[in-house]
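J.: Below are the structure tokens for one structure; questions will follow.
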Amino acid sequence: MLSLVQKIIGSRNERFIKKVSRIVQKINSLEPEFEKLSDEQLKAKTFEYRERLANGEILDNLLPEAFATVREAGKRTKNMRHYDVQLIGGIVLHQGKVAEMRTGEGKTLVATLPAYLNALTCDGVHVITVNDYLAKRDAELMSDIYEFLGMSVGVIVADLNPQQRKEAYACDITYGTNNEFGFDYLRDNMAYEKEQQVQRSRNYAIIDEVDSILIDEARTPLIISGASDDSSEMYNLFNRLVPYLEKQEKEEVENEQEQRDFYVDEKSKNAYLTEKGYAKIENMLKKEGILEEDDNLYSPHNITKMHYLNACLRAHSLYQLNIDYIVRDREIVIIDESTGRAMPGRRWSDGLHQAIEAKEGVKINAENQTMASITFQNFFKLYNKIAGMTGTADTEAFELHSIYGLEVIIIPTNKPMIRKDHHDEIYGSVREKFDAIVEDIKERISKGQPVLVGTASIEASEVLSTLLKKKKIRHNVLNAKQHEKEASIIAMAGYPDNVTIATNMAGRGTDIILGGNLEVEIAQLEDPTPEDIAQIKAEWLKRNEAVKKAGGLCIIGSERHDSRRIDNQLRGRAARQGDPGESKFYLSMDDNLLRIFASQSMAERVKKGLKGGESLAFGFMSKVISKAQGKVESYHFDIRKNLLEYDNVVNTQRKVIYEQRQSFLEAEDVSDILADIRIDVAEQLFHDYVPAGSMHELWDLEGLEKALKSDFMIELDLQKLYEEDDSLGEEDLKRLVREAIEIEFVEKTKNLDSGAVRQFEKFSLLQSLDTHWREHLSSIDHLRNSINLRGYAQKDPKNEYKKEAFELFSTMLDNFKYEVISSLAKIRIVTEEETQRAQQEWQESMSDIKAEHESVIDNNQRHDEDEQEEAPKVQQVRREGPKVKRNDPCPCGSGKKYKQCHSKVE
């Protein structure tokens, strides 16, 4: 019935394309008129549109003329004319949607349309790509169009200084990577002067490869951190002990004889000790002198040892060299599981990175303390409008809409797509699969067809390379180890009988042109004559035709990825712009996808039915594979959704802190802010010792006097005042405390330079807020890592997390207010020059910070399945002894006051 309705009225996508096609017709009708304009008249259009906007016209009304302007500028500056389907793509992007456009359809050119239109508001447009190379390339390619129309273009890359960044952000259109935009946002919220901030408003963002950025990288927060204590000795110790532990093949075993020391969950990438394993590691630690004879790992004071142990256990049992990471220049470099690219600068969290450094014998870098962090999910929600482009988004349409509110529109291709997708072939073993791939390659190159082989890991690419060498088949390998050669290898990939092996989507963002890349060949010539160029073009045309006759580029996948989208990205490298092409995937029942997610009975039946070298290529196996991929995609979606639910709690708090901080930063005079804080602190302090509405017998006036003296340098004999006049009530005493704090500050500052006082007050506010926010993030991390244990007490961990995170936040704000007033009361306010010097020293102490895109495997995600299991009831712990007041010594024995120690985390 549904298909019948769709045939009559069309799908939503078809109806949308039909609707915007009317706008395209209007743009096309303007083309003859704009062709008649002189260059100066065309350039003047930008000023005209901005005037019309200032007079109340809206962008949607300007769209046809603005797009016609950009199209004409493209023809005059780049000899490139936007096709109708590219105009549709531009409209989709302007409307804040995701445009799915096939490889080779000109997404870079499409972005110029909405970028120009939205830059007319003078609020800035950010065009976001996945790496520095693409950001610089796209900005350079399109800058002629923008600059012709009077628009300035900037590029944000990793090696820019703050002034260069500020200038780039001031441009009408700014290109850059998702990481750089995110880190600049965090750094701006750590600045101590307004002039140090580089970004302006986050108005409109166009995200290239939107699926990669908003989905693949959604679990990896951007983190700015500073080094914490060195723990390399403990990592080295556990790295030495873990190899003595034996792996148990599955979680449940039938008898004790089969029990080993630990088992792994490959889906969640976690490892768990058995009771036997706990006993074994405890004995080893006692022999090493790390544990006392009567001690055990379950003790609360050994929680850090468990942290090191779990990290090293996962490093040895779940993370493999040349699959999950490589060692480059004596450093561990993560391999992105979706793209196969090396990700320098990215680090795993939870001590995993340090554990792998210990495993590989390289320098162990200290774990870091988080100073600021944000996920891409919440960073991009800061923009007024976002849009995205990619070749593969339809399979992730539900997630893009449910989390980001982005609708996916599939844009028709300019020319019909004629790629031939063959059935998958499934073999019994990995070796048989690779042998079949080699034979297929051999057959295809014999007729001059170029082949691109996509592998899921560096290890697989090197195994395949070894087999091809044995057969004396020339080939290029493109993986994280050869990343420097990426552009040149991809440029050659379309040559006749050329074989290229690439891990996943290495080289994504660069078109593979049949016959080779003509522009690259011409660029490599030194002082070419017109005759040289003509000869190169003639040779290229011959190669291009030869490759087309051979069937175009053939894509061979050495295994299916966890996500259908990644498979589609690989397929999408072939048959660009109406060219011929083919794709085929080879699988084995030992591949991770089928081994982990397909049913065991199915795998056994398939293996039994296949004799050596035989394969299956039936339709029902496609259903099995699709079902397995669906399981993985659903699992990863749940993880990302779960991450967002937890991060939203911190995000709400982050917004409050950053808005408050910005108000401090922008204020010329913070004395009114401090006056309000002093009132809050006076009330807070008073009620710590005089409970609201309580009888006199419960008042602790002596304690209040001591707190005023120790924390605010105020001598106030409240007990004597009350004895002299017992009519003094609670409100009278509170007023006396409030006035005493206010008078003390006025007296302290009355003879000082007001400029120095104001500057010092602002600096103190910012410094104190930053310190407390940083400590709060650490407390939140600890809470997050332990909150799943609440499930064993029959409590919902998420609700408990929200409740306790709010309590932590409220306590942090109270402590911030209290300590900033206390510190201002104690510190001698000095000259303006000394204040500036103190500020500079503080900023220098903050200079040893790192901006990292951390690969997080969240403990909350690992225990998602555990949360569903019935947990045993546990007895609630009740406080023994009297309540500890905020100004009492902390019972932990640290020597600090309770308010400055464990009050923050209780």
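Cβ coordinates come from backbone N, Cα and C, glycine included.
A quick note: this is a predicted structure, and the numbers were derived from the prediction, not measured.
Look at Swiss-Prot and you will find Gln86, Gly104, Glu105, Gly106, Lys107, Thr108, Asp511 tagged as ATP binding site, backed by sequence analysis. The Zn(2+) binding site annotation in Swiss-Prot covers Cys890, Cys892, Cys901, His902. According to Swiss-Prot, the feature compositional bias 'Basic and acidic residues' maps to 853-865, 877-888. Annotation source Swiss-Prot lists compositional bias 'Basic residues' at 896-906. Among the features that Swiss-Prot reports, region 'Disordered' is placed at 853-906.
Could you place the listed features in the three-dimensional structure?
T.: All protein chains included, Lys107 (ATP binding site) registers 23 other Cβ atoms within 10 Å of its own Cβ. According to DSSP, Lys107 (ATP binding site) is assigned to a helical segment.
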J.: With DSSP assignments reduced to helix, strand and coil, which class does Asp511 (ATP binding site) get?
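T.: The three-state answer is coil.
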J.: State which of the following binding-site residues has the fewest other Cβ atoms within 10 Å around its Cβ: Gly104, Gly106.
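T.: Counting other Cβ atoms within 10 Å of each of the binding-site residues Gly104, Gly106, the minimum falls on Gly106.
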J.: Which secondary structure state does DSSP assign to Gln86 (ATP binding site), in the simple three-class scheme?
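T.: Reduced to three states, the DSSP call for Gln86 (ATP binding site) is helix.
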J.: Among Gln86, Thr108, all listed as binding-site residues, which has the most CB atoms within 10 Å of its CB?
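T.: The residue with the densest Cβ neighbourhood is Gln86.
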J.: Among the binding-site residues Glu105, Asp511, which residue has its Cβ surrounded by the fewest other Cβ atoms within 10 Å?
T.: Asp511
J.: I need the neighbours of the ATP site defined by Gln86, Gly104, Glu105, Gly106, Lys107, Thr108, Asp511. Which other residues of that chain put their C-beta within 8 angstroms of the C-beta centroid, in sequence order?
T.: Met101, Thr103, Leu109, Val110
J.: What whole-number value in Å do you get for the largest C-alpha pair distance within Gln86, Gly104, Glu105, Gly106, Lys107, Thr108, Asp511, the residues recorded as binding ATP?
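T.: The two farthest binding residues have Cα atoms 17 Å apart.
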